[in-house]
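Asker: Found this in Swiss-Prot, in case it helps:
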- G13, G14, G15, H16, A17, G18: FAD binding site (BINDING)
- 274-288: NAD(+) binding site (BINDING)
Amino acid sequence: MLFPTEFDVIVVGGGHAGTEAALASARMGAKTLLLTHNIETLGQMSCNPSIGGIGKGHLVKEVDALGGAMAAATDESGIQFRILNSSKGPAVRATRAQADRILYKAAIRHRLENQPNLWLFQQAVDDLMVEGDRVVGAVTQIGIRFRARAVVLTAGTFLDGKIHVGLNNYTGGRAGDPAAVSLSSRLKELKLPQGRLKTGTPPRIDGRTIDFSKLDEQPGDLDPIPVFSFLGRADQHPQQLPCWVTHTNERTHDIIRGGLDRSPMYTGVIEGVGPRYCPSIEDKIHRFASKESHQIFLEPEGLTTHEFYPNGISTSLPFDVQLELVHSMRGLENAHILRPGYAIEYDYFDPRALKASLETKAINGLFFAGQINGTTGYEEAAAQGLLAGLNAGRYVQEKDAWCPRRDQAYLGVLVDDLVTRGVAEPYRMFTSRAEYRLSLREDNADMRLTEIGRELGLVDDARWDAFSRKRDAVSRETERLKSTWVTPKTLPVEEATALLGKAIDHEYSLAELLRRPGVSYDGVCGLKGGECGPAEPLADDPVLLEQIKEQVEIGIKYQGYIERQASEIERNDANENTRLPDGIDYREVRGLSFEVSQKLNEFRPETIGQASRISGVTPAAISLLMVHLKRRGLGRRNGTAAEAAEQGDGAVPTQQ
């Protein structure tokens, strides 16, 4: 067999965005090439050894519902699992896992090496091949030219990356890896709008030099141990380990303040903006000067290493200051640092220059995903990667792009925020960013997206069969609870009092009882000596059984709220998905201010919904725009219901 140099899709970069992009494109049936500077670092967790969290866990569940790899890889490598906000409402509950770095990489690589239609090749990319307004391939550092109809660029922090430790700095994509300087220069030649951002990582500590007797232990959830994937099982997890907690103190803060004159952040050496919600320890001490202590989590890096990740002290201070501040904390008085912390500056490109499909507006067939779009976090990268890979595959197949809506997925919220609002700092997902978060829960990500994923070609038979069984079981059990009744005569007073606090005074369905505060699904099913439970088990697998029960309980308890949110979505839908013509000149829209028309002409929103979320575009301006479209007969809805069903709900035409 000759060495292949022609592909449908090329993915550049093998991080969390690149691996999901390559897998998605290949699952679509596109002949896909993944180019990485080092095959050994495929799926590498460059910073913290954890997956998930508030908002982030929602994205991981959505990637999983669409057939992605991150959740399943976490189940196979997770050494601690926790449900965050477990005492709060279902909208904000989130799964978080500590992962063994080596096992996680192995799980991702196994999937890549066994994915049909996917080729791997180790070479850094120095150039993109562009003909006119189209990308046609990529050129590696030794001059190999690979041609393709679509390219997905997932360069992470590698584009002209510069690493800072104190006032020393050097080029690098991350510690131990070279920066992509030539590729960065080439992208700048293409006149794509770009800027600089910054992120950082803490020093790593040898666990053998930590005095754990002085620390507070933080175990994971053990009964039961959570799973991330909808197909996951708790017996997939390796050995579980605790995390540990220490704190900074006034001496720590004094040490940090004393080192600020050699901090690249506070001496103007670093120009890029860092992440607001994952600040360096220098920023914490400066911004929260009155706070006497900050909590620091010591997280194990894996089962076969003594290395610990001190979550909360990301820093670019000089190494001697890092050593002193670590030794100032309880339990770390004699700690040995294995790797220094550092900050890294890198190029990103203004995501407002992207379509909602993550294809660049300027160059057809070129897609961006991950930190190149101004986001931070493994989960945000993976979600974008899956979407970009999917749409690159659909692009070469001459099919319409799939662009999830804000009311459909956190992925839709993420992309819409990026392409309409841009970023002034690294973007991180939170549940607070989603206006329809009661409908966008972790637990129902498969109910929202797996059917769409099946239509798009992302979901295999095994996942589809498991989902279908779950969906049907939830539907049957919900209907059973609605149609099963108890009366004062059939429900013993003592049972009613134990469950409800008092006897019932008239006939109730089991669903009506379940809606009451403090009443659980198991409590209702246990009435009348268990006679109110299902005649047959809902599922044999205990994880699936809990998922079904959770879906049934939430669906019934929150039915009224969910229906009201659905009505709100329907009211907003008319304008949200009205498409804007590609060639419209907003200066011709009567009544629009110069500022608004200038912004609309600059950012070229694809829909009325996107236009309404651009900073400075007022509701009055949207009304004028709607009148203009109606007068000219230009506005059109985003496809019929039948088309949406055929394309996967939320499809928009690809401009080719």
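The backbone N, Cα and C atoms fix where each Cβ goes, and this holds for glycine too.
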Asker: Might you list, by sequence position, any residue in that chain lying six or more from G13 (FAD binding site) with a Cβ less than 8 Å away from its Cβ?
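Answerer: Listed in sequence order: L35, T36, L153, T154, A155, G156, F158, G370.
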Asker: Cβ-Cβ under 8 Å from E282 (NAD(+) binding site), same chain, 6 or more residues apart: which ones?
Answerer: I256, L260, S263, M265, Y266, T315, S316, L317
Asker: Taking the Cβ of H16 (FAD binding site) as the centre, how many other Cβ atoms fall within a 10 Å radius?
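Answerer: 33, counting other Cβ atoms within 10 Å of H16 (FAD binding site).
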Asker: So which other residues, same chain and not among G13, G14, G15, H16, A17, G18, have a Cβ within 8 Å of the centroid of the Cβ atoms at the FAD site?
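Answerer: Same chain, not in G13, G14, G15, H16, A17, G18, Cβ within 8 Å: V11, T19, E20, A21, T36, G43, T154, G156, A369, G370, A381, G385.
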Asker: Which one of these binding-site residues has the most other Cβ atoms within 10 Å of its own Cβ: G274, R276, C278, S280?
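Answerer: For the binding-site residues G274, R276, C278, S280, the Cβ with the most other Cβ atoms within 10 Å is S280.
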Asker: Out of R276, C278, S280, point to the one nearest H16 (FAD binding site) in space (Cα versus Cα); all of them are binding-site residues in the record.
Answerer: C278
Asker: Provide the three-state secondary structure of S280 (NAD(+) binding site) computed with DSSP.
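Answerer: Going by the DSSP assignment, S280 (NAD(+) binding site) belongs to neither helix nor strand, so it counts as coil.
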Asker: Note down the number of other Cβ atoms within 10 Å of the Cβ of G18 (FAD binding site), including every protein chain shown.
Answerer: 30
Asker: Let me know how many other Cβ atoms fall within 10 Å of the Cβ of K284 (NAD(+) binding site).
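Answerer: Looking across every protein chain shown, the total is 19.
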Asker: With every protein chain in view, how many other Cβ atoms are within 10 Å of the Cβ of G14 (FAD binding site)?
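Answerer: The Cβ of G14 (FAD binding site) has 28 Cβ neighbours within 10 Å.
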